[in-house]
Amino acid sequence: MAFSTRSVFLSLFLLFLSASVSLAEIRFTEVRSDNRPIIPFDEFGFTHTGRLELNVSKISLSATNLDLTKVGFFLCTRDSWMHVLQQLEDGDVSCALLSKLVKLVYTFDKLKDAKGFSTVFTETDADQFTLVFANCLQSQLSVSMDVKSAMYNLDGKSSRRDYLSAGKTILPRIYFLFSLVYFALGGLWVSVLYKKRLTVFGIHFFMLAVLILKALNLLCEAEDKSYIKRTGSAHGWDVLFYIFSFLKGITLFTLIVLIGTGWSFLKPYLQDKEKKVLMIVIPLQVVANIAQVAIDESGPFAQDWVTWKQVFLLVDVVCCCAVLFPIVWSIKNLREAARTDGKAAVNLMKLTLFRQYYVVVICYIYFTRVVVYALETITSYRYLWTSVVAAELATLAFYVFTGYKFKPEAHNPYFVVDDEEEEAAAEALKLEDEFEL
(Lines of atoms letter the chains of each structure in order from A and count residues from 1; the text may use other names and numbers.)
(Lines give C-alpha, C1' and ligand atoms only; values in the text may rest on other atoms or scores of the structure.)
Protein backbone atom coordinates (compact mmCIF):
# COMPACT_ATOMS: atom_id res chain seq x y z
CA MET A 1 0.00 0.00 0.00
CA ALA A 2 1.40 3.41 -0.97
CA PHE A 3 0.08 5.12 2.16
CA SER A 4 1.28 3.89 5.55
CA THR A 5 -1.18 3.91 8.42
CA ARG A 6 0.87 6.54 10.20
CA SER A 7 1.00 8.91 7.23
CA VAL A 8 -2.71 8.49 6.56
CA PHE A 9 -3.72 9.44 10.06
CA LEU A 10 -1.23 12.31 10.09
CA SER A 11 -2.82 13.66 6.94
CA LEU A 12 -6.27 13.33 8.51
CA PHE A 13 -5.03 15.28 11.53
CA LEU A 14 -3.75 18.07 9.30
CA LEU A 15 -6.98 18.20 7.33
CA PHE A 16 -9.01 18.68 10.48
CA LEU A 17 -6.65 21.35 11.78
CA SER A 18 -6.86 23.32 8.57
CA ALA A 19 -10.44 24.30 9.32
CA SER A 20 -9.41 27.04 11.72
CA VAL A 21 -6.68 28.53 9.57
CA SER A 22 -7.49 29.91 6.21
CA LEU A 23 -9.50 32.86 5.10
CA ALA A 24 -9.26 31.26 1.65
CA GLU A 25 -7.67 34.28 0.03
CA ILE A 26 -5.37 33.80 -2.94
CA ARG A 27 -2.46 31.69 -1.74
CA PHE A 28 1.10 31.54 -3.06
CA THR A 29 2.94 28.46 -1.87
CA GLU A 30 6.46 27.22 -2.46
CA VAL A 31 6.99 23.47 -2.10
CA ARG A 32 10.60 22.34 -2.15
CA SER A 33 11.83 18.72 -2.34
CA ASP A 34 8.76 17.54 -0.45
CA ASN A 35 7.82 13.86 -0.30
CA ARG A 36 4.90 14.15 2.11
CA PRO A 37 2.04 11.87 1.02
CA ILE A 38 -0.54 14.57 1.74
CA ILE A 39 -0.18 18.35 1.64
CA PRO A 40 -3.43 20.18 2.55
CA PHE A 41 -3.64 23.74 1.27
CA ASP A 42 -6.92 25.50 2.02
CA GLU A 43 -10.42 24.65 3.16
CA PHE A 44 -13.30 26.54 1.60
CA GLY A 45 -17.07 26.50 1.77
CA PHE A 46 -18.42 26.42 -1.78
CA THR A 47 -21.87 27.39 -2.91
CA HIS A 48 -23.39 26.02 -6.15
CA THR A 49 -21.30 28.55 -8.07
CA GLY A 50 -17.90 27.66 -6.66
CA ARG A 51 -14.63 27.96 -8.57
CA LEU A 52 -11.06 26.83 -7.99
CA GLU A 53 -8.28 28.45 -9.99
CA LEU A 54 -5.03 26.50 -9.72
CA ASN A 55 -1.76 27.67 -11.25
CA VAL A 56 1.32 25.50 -10.67
CA SER A 57 4.74 26.44 -12.03
CA LYS A 58 8.42 25.47 -11.68
CA ILE A 59 7.51 21.81 -11.25
CA SER A 60 10.53 19.63 -10.57
CA LEU A 61 10.33 15.87 -9.95
CA SER A 62 13.14 13.90 -8.36
CA ALA A 63 12.46 10.85 -10.57
CA THR A 64 11.01 10.04 -13.98
CA ASN A 65 9.24 7.10 -15.62
CA LEU A 66 6.81 6.74 -12.73
CA ASP A 67 3.04 6.35 -12.67
CA LEU A 68 2.13 10.02 -12.29
CA THR A 69 -1.60 9.28 -12.11
CA LYS A 70 -0.82 8.82 -8.43
CA VAL A 71 0.48 12.37 -8.05
CA GLY A 72 -1.80 15.38 -8.24
CA PHE A 73 -4.43 17.64 -6.70
CA PHE A 74 -7.92 16.80 -5.52
CA LEU A 75 -10.82 18.22 -3.51
CA CYS A 76 -12.60 16.33 -0.76
CA THR A 77 -14.93 16.91 2.16
CA ARG A 78 -14.20 15.70 5.69
CA ASP A 79 -16.85 13.00 5.47
CA SER A 80 -15.54 11.67 2.17
CA TRP A 81 -12.00 11.67 3.52
CA MET A 82 -13.06 9.40 6.36
CA HIS A 83 -14.35 6.90 3.81
CA VAL A 84 -11.19 7.26 1.72
CA LEU A 85 -9.14 6.39 4.80
CA GLN A 86 -11.19 3.25 5.23
CA GLN A 87 -10.65 2.33 1.58
CA LEU A 88 -6.91 2.76 1.99
CA GLU A 89 -6.86 0.66 5.15
CA ASP A 90 -8.92 -2.10 3.52
CA GLY A 91 -6.77 -2.04 0.39
CA ASP A 92 -9.69 -1.17 -1.88
CA VAL A 93 -7.60 1.62 -3.40
CA SER A 94 -3.84 2.13 -3.39
CA CYS A 95 -4.00 5.91 -3.62
CA ALA A 96 -6.46 8.57 -2.59
CA LEU A 97 -6.42 9.96 -6.13
CA LEU A 98 -7.89 6.68 -7.40
CA SER A 99 -10.89 6.84 -5.09
CA LYS A 100 -14.25 7.80 -6.56
CA LEU A 101 -15.03 9.70 -3.36
CA VAL A 102 -12.64 12.56 -4.17
CA LYS A 103 -12.88 15.12 -6.95
CA LEU A 104 -9.81 15.11 -9.16
CA VAL A 105 -8.55 18.54 -10.08
CA TYR A 106 -5.34 17.62 -11.90
CA THR A 107 -2.95 14.66 -12.05
CA PHE A 108 0.67 14.94 -13.13
CA ASP A 109 0.38 12.37 -15.90
CA LYS A 110 -1.08 15.23 -17.99
CA LEU A 111 2.10 17.28 -17.64
CA LYS A 112 4.07 15.68 -20.45
CA ASP A 113 7.10 17.96 -20.93
CA ALA A 114 5.55 21.02 -19.35
CA LYS A 115 6.98 22.61 -16.20
CA GLY A 116 3.62 23.86 -15.03
CA PHE A 117 -0.10 24.05 -15.67
CA SER A 118 -3.17 26.19 -15.08
CA THR A 119 -6.67 24.89 -14.60
CA VAL A 120 -10.08 26.14 -13.49
CA PHE A 121 -12.27 23.67 -11.61
CA THR A 122 -15.99 24.33 -11.32
CA GLU A 123 -17.62 23.10 -8.12
CA THR A 124 -21.40 22.86 -8.25
CA ASP A 125 -21.90 20.86 -5.05
CA ALA A 126 -22.45 23.17 -2.10
CA ASP A 127 -20.18 21.84 0.64
CA GLN A 128 -16.92 22.47 2.44
CA PHE A 129 -13.94 21.14 0.51
CA THR A 130 -10.23 20.98 1.17
CA LEU A 131 -7.71 21.39 -1.62
CA VAL A 132 -5.12 18.64 -1.21
CA PHE A 133 -1.97 17.56 -3.02
CA ALA A 134 -1.38 13.80 -2.92
CA ASN A 135 1.90 12.03 -3.63
CA CYS A 136 1.28 8.30 -3.46
CA LEU A 137 4.84 7.67 -4.65
CA GLN A 138 6.39 9.39 -1.66
CA SER A 139 9.00 6.67 -1.19
CA GLN A 140 10.26 7.21 -4.76
CA LEU A 141 9.41 10.81 -5.54
CA SER A 142 10.01 14.27 -4.12
CA VAL A 143 8.26 17.26 -5.63
CA SER A 144 9.18 20.93 -5.95
CA MET A 145 6.72 23.48 -7.29
CA ASP A 146 5.21 26.95 -6.88
CA VAL A 147 1.48 26.83 -6.29
CA LYS A 148 -1.01 29.68 -6.68
CA SER A 149 -4.51 28.73 -5.60
CA ALA A 150 -7.68 30.80 -5.49
CA MET A 151 -11.05 29.53 -4.31
CA TYR A 152 -14.14 31.69 -4.55
CA ASN A 153 -17.89 31.73 -5.11
CA LEU A 154 -19.70 33.73 -7.77
CA ASP A 155 -22.54 36.02 -6.75
CA GLY A 156 -25.77 34.82 -8.35
CA LYS A 157 -26.79 38.25 -9.66
CA SER A 158 -23.62 40.19 -10.38
CA SER A 159 -21.25 37.21 -10.85
CA ARG A 160 -18.73 38.99 -8.65
CA ARG A 161 -16.13 36.85 -6.98
CA ASP A 162 -16.42 36.27 -3.25
CA TYR A 163 -13.15 34.98 -1.85
CA LEU A 164 -14.56 34.38 1.62
CA SER A 165 -15.94 30.96 2.44
CA ALA A 166 -19.71 30.54 2.35
CA GLY A 167 -19.86 30.52 6.14
CA LYS A 168 -17.68 33.62 6.54
CA THR A 169 -18.92 35.95 3.82
CA ILE A 170 -20.85 38.16 6.27
CA LEU A 171 -17.91 38.54 8.68
CA PRO A 172 -16.98 42.06 7.45
CA ARG A 173 -20.43 43.36 8.44
CA ILE A 174 -20.32 41.55 11.78
CA TYR A 175 -16.91 42.96 12.71
CA PHE A 176 -17.91 46.46 11.58
CA LEU A 177 -21.11 46.32 13.66
CA PHE A 178 -19.20 45.26 16.77
CA SER A 179 -16.60 47.99 16.18
CA LEU A 180 -19.40 50.58 16.23
CA VAL A 181 -20.67 49.09 19.49
CA TYR A 182 -17.22 49.43 21.09
CA PHE A 183 -16.79 53.00 19.82
CA ALA A 184 -20.19 53.80 21.36
CA LEU A 185 -19.10 52.18 24.63
CA GLY A 186 -15.91 54.25 24.49
CA GLY A 187 -17.96 57.43 24.15
CA LEU A 188 -20.18 56.35 27.03
CA TRP A 189 -17.14 55.59 29.18
CA VAL A 190 -15.67 59.04 28.43
CA SER A 191 -18.90 60.65 29.64
CA VAL A 192 -18.81 58.54 32.82
CA LEU A 193 -15.22 59.58 33.50
CA TYR A 194 -16.09 63.24 32.96
CA LYS A 195 -19.13 63.16 35.25
CA LYS A 196 -17.24 61.37 38.02
CA ARG A 197 -13.83 62.90 37.37
CA LEU A 198 -13.20 63.52 41.07
CA THR A 199 -13.09 59.77 41.75
CA VAL A 200 -11.39 58.62 38.55
CA PHE A 201 -8.22 56.52 38.92
CA GLY A 202 -5.52 55.56 36.46
CA ILE A 203 -7.11 52.15 35.90
CA HIS A 204 -10.20 53.83 34.44
CA PHE A 205 -8.16 55.56 31.72
CA PHE A 206 -6.50 52.22 31.02
CA MET A 207 -9.96 50.69 30.56
CA LEU A 208 -10.73 53.41 28.00
CA ALA A 209 -7.54 52.56 26.10
CA VAL A 210 -8.53 48.88 26.03
CA LEU A 211 -11.96 49.77 24.65
CA ILE A 212 -10.54 51.98 21.89
CA LEU A 213 -7.94 49.39 20.87
CA LYS A 214 -10.64 46.72 20.72
CA ALA A 215 -12.79 48.95 18.51
CA LEU A 216 -9.86 49.75 16.20
CA ASN A 217 -8.93 46.08 16.05
CA LEU A 218 -12.46 45.14 14.94
CA LEU A 219 -12.59 47.99 12.43
CA CYS A 220 -9.32 46.87 10.83
CA GLU A 221 -10.49 43.26 10.85
CA ALA A 222 -13.72 44.29 9.12
CA GLU A 223 -11.79 46.12 6.40
CA ASP A 224 -9.27 43.28 6.15
CA LYS A 225 -12.00 40.70 5.57
CA SER A 226 -13.90 43.03 3.24
CA TYR A 227 -10.83 43.55 1.07
CA ILE A 228 -10.13 39.82 1.00
CA LYS A 229 -13.78 39.20 0.09
CA ARG A 230 -13.45 41.48 -2.95
CA THR A 231 -9.88 40.91 -4.12
CA GLY A 232 -8.57 37.74 -2.51
CA SER A 233 -5.71 39.48 -0.70
CA ALA A 234 -5.38 41.87 2.24
CA HIS A 235 -2.80 44.32 0.80
CA GLY A 236 -1.68 45.92 4.04
CA TRP A 237 -4.89 45.83 6.05
CA ASP A 238 -3.70 42.60 7.65
CA VAL A 239 -0.67 44.52 8.99
CA LEU A 240 -2.90 47.03 10.78
CA PHE A 241 -5.08 44.19 12.03
CA TYR A 242 -2.09 42.36 13.51
CA ILE A 243 -0.78 45.56 15.13
CA PHE A 244 -4.06 46.37 16.86
CA SER A 245 -4.64 42.70 17.69
CA PHE A 246 -1.24 42.64 19.38
CA LEU A 247 -1.93 45.84 21.35
CA LYS A 248 -5.44 44.72 22.27
CA GLY A 249 -4.21 41.35 23.54
CA ILE A 250 -1.46 42.84 25.69
CA THR A 251 -3.65 45.59 27.16
CA LEU A 252 -6.56 43.24 27.91
CA PHE A 253 -4.42 40.74 29.82
CA THR A 254 -2.62 43.61 31.57
CA LEU A 255 -5.97 45.13 32.56
CA ILE A 256 -7.15 41.84 34.08
CA VAL A 257 -3.91 41.60 36.06
CA LEU A 258 -4.11 45.22 37.26
CA ILE A 259 -7.75 44.87 38.31
CA GLY A 260 -6.92 41.58 40.00
CA THR A 261 -4.18 43.26 42.04
CA GLY A 262 -6.46 46.16 42.98
CA TRP A 263 -3.99 48.62 41.49
CA SER A 264 -5.02 52.26 41.43
CA PHE A 265 -8.39 52.00 43.18
CA LEU A 266 -7.33 49.79 46.12
CA LYS A 267 -3.60 50.52 46.28
CA PRO A 268 -1.25 52.79 44.31
CA TYR A 269 1.50 50.21 43.80
CA LEU A 270 2.24 46.68 42.61
CA GLN A 271 3.99 44.07 44.70
CA ASP A 272 7.00 42.23 43.32
CA LYS A 273 5.07 39.03 42.66
CA GLU A 274 2.42 41.02 40.79
CA LYS A 275 5.07 42.70 38.67
CA LYS A 276 6.46 39.27 37.87
CA VAL A 277 3.07 38.18 36.54
CA LEU A 278 3.07 41.16 34.17
CA MET A 279 6.65 40.36 33.15
CA ILE A 280 5.46 36.86 32.25
CA VAL A 281 2.20 37.79 30.53
CA ILE A 282 3.49 40.57 28.26
CA PRO A 283 6.36 38.60 26.63
CA LEU A 284 4.06 35.59 26.25
CA GLN A 285 1.55 37.79 24.44
CA VAL A 286 4.33 38.85 22.08
CA VAL A 287 5.08 35.18 21.36
CA ALA A 288 1.36 34.41 20.95
CA ASN A 289 0.94 37.16 18.37
CA ILE A 290 4.03 36.06 16.44
CA ALA A 291 2.61 32.53 16.39
CA GLN A 292 -0.78 33.82 15.25
CA VAL A 293 0.80 35.69 12.33
CA ALA A 294 2.78 32.57 11.35
CA ILE A 295 -0.38 30.43 11.50
CA ASP A 296 -2.52 32.83 9.47
CA GLU A 297 0.05 33.63 6.82
CA SER A 298 1.45 30.14 6.22
CA GLY A 299 -1.46 27.71 6.31
CA PRO A 300 -1.51 23.97 7.00
CA PHE A 301 0.80 23.12 4.08
CA ALA A 302 3.79 24.55 5.95
CA GLN A 303 6.11 22.04 7.62
CA ASP A 304 6.14 23.99 10.90
CA TRP A 305 2.46 24.98 10.94
CA VAL A 306 1.49 22.42 13.58
CA THR A 307 4.39 23.57 15.76
CA TRP A 308 3.26 27.20 15.60
CA LYS A 309 -0.29 26.11 16.40
CA GLN A 310 0.89 24.22 19.48
CA VAL A 311 3.01 27.19 20.59
CA PHE A 312 0.04 29.53 20.28
CA LEU A 313 -2.30 27.24 22.26
CA LEU A 314 0.29 26.65 24.98
CA VAL A 315 1.12 30.34 25.39
CA ASP A 316 -2.56 31.30 25.43
CA VAL A 317 -3.32 28.76 28.16
CA VAL A 318 -0.35 29.95 30.27
CA CYS A 319 -1.49 33.58 29.94
CA CYS A 320 -5.05 32.71 30.91
CA CYS A 321 -3.84 30.86 34.01
CA ALA A 322 -1.33 33.56 34.99
CA VAL A 323 -3.90 36.37 35.12
CA LEU A 324 -5.96 34.46 37.68
CA PHE A 325 -3.28 34.47 40.37
CA PRO A 326 -3.44 38.21 41.21
CA ILE A 327 -7.22 37.95 41.71
CA VAL A 328 -6.73 35.03 44.11
CA TRP A 329 -4.00 36.91 45.98
CA SER A 330 -6.32 39.92 46.40
CA ILE A 331 -9.10 37.69 47.70
CA LYS A 332 -6.79 36.14 50.29
CA ASN A 333 -5.45 39.55 51.33
CA LEU A 334 -8.98 40.86 51.79
CA ARG A 335 -9.84 37.85 53.95
CA GLU A 336 -6.84 38.47 56.18
CA ALA A 337 -7.66 42.17 56.41
CA ALA A 338 -11.26 41.37 57.38
CA ARG A 339 -9.99 39.58 60.49
CA THR A 340 -7.62 42.35 61.62
CA ASP A 341 -8.69 45.89 60.66
CA GLY A 342 -12.24 45.88 62.05
CA LYS A 343 -13.85 46.96 58.78
CA ALA A 344 -15.89 43.87 58.06
CA ALA A 345 -18.50 45.56 55.86
CA VAL A 346 -15.91 47.23 53.67
CA ASN A 347 -13.91 44.06 53.23
CA LEU A 348 -16.99 41.93 52.61
CA MET A 349 -18.04 44.24 49.75
CA LYS A 350 -14.56 44.14 48.24
CA LEU A 351 -14.30 40.39 48.75
CA THR A 352 -17.66 39.78 47.05
CA LEU A 353 -16.62 41.96 44.12
CA PHE A 354 -13.31 40.15 43.58
CA ARG A 355 -14.89 36.73 43.90
CA GLN A 356 -17.47 37.70 41.28
CA TYR A 357 -14.71 38.97 39.00
CA TYR A 358 -12.73 35.75 39.45
CA VAL A 359 -15.75 33.66 38.42
CA VAL A 360 -16.46 35.92 35.43
CA VAL A 361 -12.85 35.75 34.21
CA ILE A 362 -12.95 31.95 34.45
CA CYS A 363 -16.23 31.84 32.51
CA TYR A 364 -14.90 34.26 29.87
CA ILE A 365 -11.73 32.26 29.32
CA TYR A 366 -13.59 28.94 29.22
CA PHE A 367 -16.24 30.21 26.81
CA THR A 368 -13.90 31.92 24.35
CA ARG A 369 -11.29 29.12 24.38
CA VAL A 370 -13.41 25.97 24.69
CA VAL A 371 -17.08 26.60 23.95
CA VAL A 372 -16.40 28.75 20.87
CA TYR A 373 -14.01 26.15 19.48
CA ALA A 374 -16.59 23.40 20.10
CA LEU A 375 -19.26 25.52 18.42
CA GLU A 376 -17.01 26.04 15.40
CA THR A 377 -16.35 22.30 15.22
CA ILE A 378 -19.97 21.14 15.33
CA THR A 379 -21.54 23.97 13.30
CA SER A 380 -22.23 23.53 9.61
CA TYR A 381 -19.77 25.37 7.37
CA ARG A 382 -22.61 27.65 6.27
CA TYR A 383 -22.94 29.03 9.80
CA LEU A 384 -19.31 29.37 10.87
CA TRP A 385 -20.01 33.06 11.46
CA THR A 386 -22.07 32.08 14.51
CA SER A 387 -18.93 31.09 16.44
CA VAL A 388 -17.48 34.55 15.74
CA VAL A 389 -20.68 36.21 16.96
CA ALA A 390 -20.67 34.04 20.10
CA ALA A 391 -17.05 34.94 20.88
CA GLU A 392 -17.64 38.65 20.31
CA LEU A 393 -20.82 38.67 22.41
CA ALA A 394 -18.98 36.94 25.27
CA THR A 395 -16.14 39.46 24.99
CA LEU A 396 -18.60 42.36 24.92
CA ALA A 397 -20.37 41.02 28.01
CA PHE A 398 -17.01 40.70 29.79
CA TYR A 399 -16.07 44.30 28.93
CA VAL A 400 -19.45 45.61 30.08
CA PHE A 401 -19.29 43.65 33.35
CA THR A 402 -15.76 44.89 34.06
CA GLY A 403 -16.69 48.50 33.37
CA TYR A 404 -19.88 48.35 35.42
CA LYS A 405 -18.32 46.69 38.46
CA PHE A 406 -15.18 48.82 38.55
CA LYS A 407 -16.57 52.17 37.37
CA PRO A 408 -15.61 55.32 39.34
CA GLU A 409 -17.96 55.93 42.25
CA ALA A 410 -18.96 59.52 43.05
CA HIS A 411 -19.95 58.58 46.60
CA ASN A 412 -17.98 56.05 48.59
CA PRO A 413 -20.52 53.74 50.29
CA TYR A 414 -17.87 52.58 52.77
CA PHE A 415 -18.20 55.83 54.73
CA VAL A 416 -21.90 55.39 55.47
CA VAL A 417 -21.95 51.98 57.12
CA ASP A 418 -23.86 51.82 60.40
CA ASP A 419 -23.18 49.47 63.34
CA GLU A 420 -25.87 46.96 62.40
CA GLU A 421 -24.49 46.58 58.89
CA GLU A 422 -21.00 46.19 60.31
CA GLU A 423 -22.12 43.42 62.66
CA ALA A 424 -24.03 41.63 59.90
CA ALA A 425 -21.00 41.77 57.62
CA ALA A 426 -18.76 40.41 60.38
CA GLU A 427 -21.10 37.46 60.87
CA ALA A 428 -21.20 36.83 57.13
CA LEU A 429 -17.42 36.71 57.00
CA LYS A 430 -17.32 34.22 59.87
CA LEU A 431 -19.86 31.93 58.23
CA GLU A 432 -18.31 32.12 54.78
CA ASP A 433 -16.29 29.09 53.69
CA GLU A 434 -12.61 29.58 52.94
CA PHE A 435 -12.01 30.55 49.32
CA GLU A 436 -9.87 28.19 47.31
CA LEU A 437 -8.54 28.36 43.76
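Placement of Cβ uses the backbone N, Cα and C atoms for every residue, glycine included.
Taken from TrEMBL, the feature signal peptide covers 1-24.
Across the domain 'CAND6/7 N-terminal' (30-153), DSSP helix (H, G, I), strand (E, B) and coil residues number 22 helix, 62 strand, 40 coil. Annotation comment: TrEMBL describes 30-153 as domain 'CAND6/7 N-terminal'.
Taken from TrEMBL, the feature domain 'GOST seven transmembrane' covers 172-412.
Taken from TrEMBL, the feature transmembrane segment applies to 174-194 (among others).
TrEMBL lists 201-219 (among others) with the feature transmembrane segment.
The transmembrane segment annotation in TrEMBL covers 239-265 (among others).
Under the heading transmembrane segment, TrEMBL lists 277-295 (among others).
Look at TrEMBL and you will find 307-329 (among others) tagged as transmembrane segment.
Note on the transmembrane segment (357-375): residues 20, 256, 259-260, 316-317, 320, 323-324, 327-328, 331, 386-387, 390-391, 394-395, 398, 401-402, 405 of its chain, located 6 or more positions outside it, place their CB under 8 angstroms from a CB of the stretch. The transmembrane segment annotation in TrEMBL covers 357-375 (among others).
If you look up TrEMBL, you'll see 381-401 (among others) marked as transmembrane segment. Residues 45, 127-128, 165-168, 170-171, 174-175, 178, 181-182, 185, 210-211, 214, 218, 360-361, 364, 367-368, 371-373, 375 of the same chain lie 6 or more positions beyond the ends of the transmembrane segment (381-401) yet place their CB under 8 Å from a CB of it.
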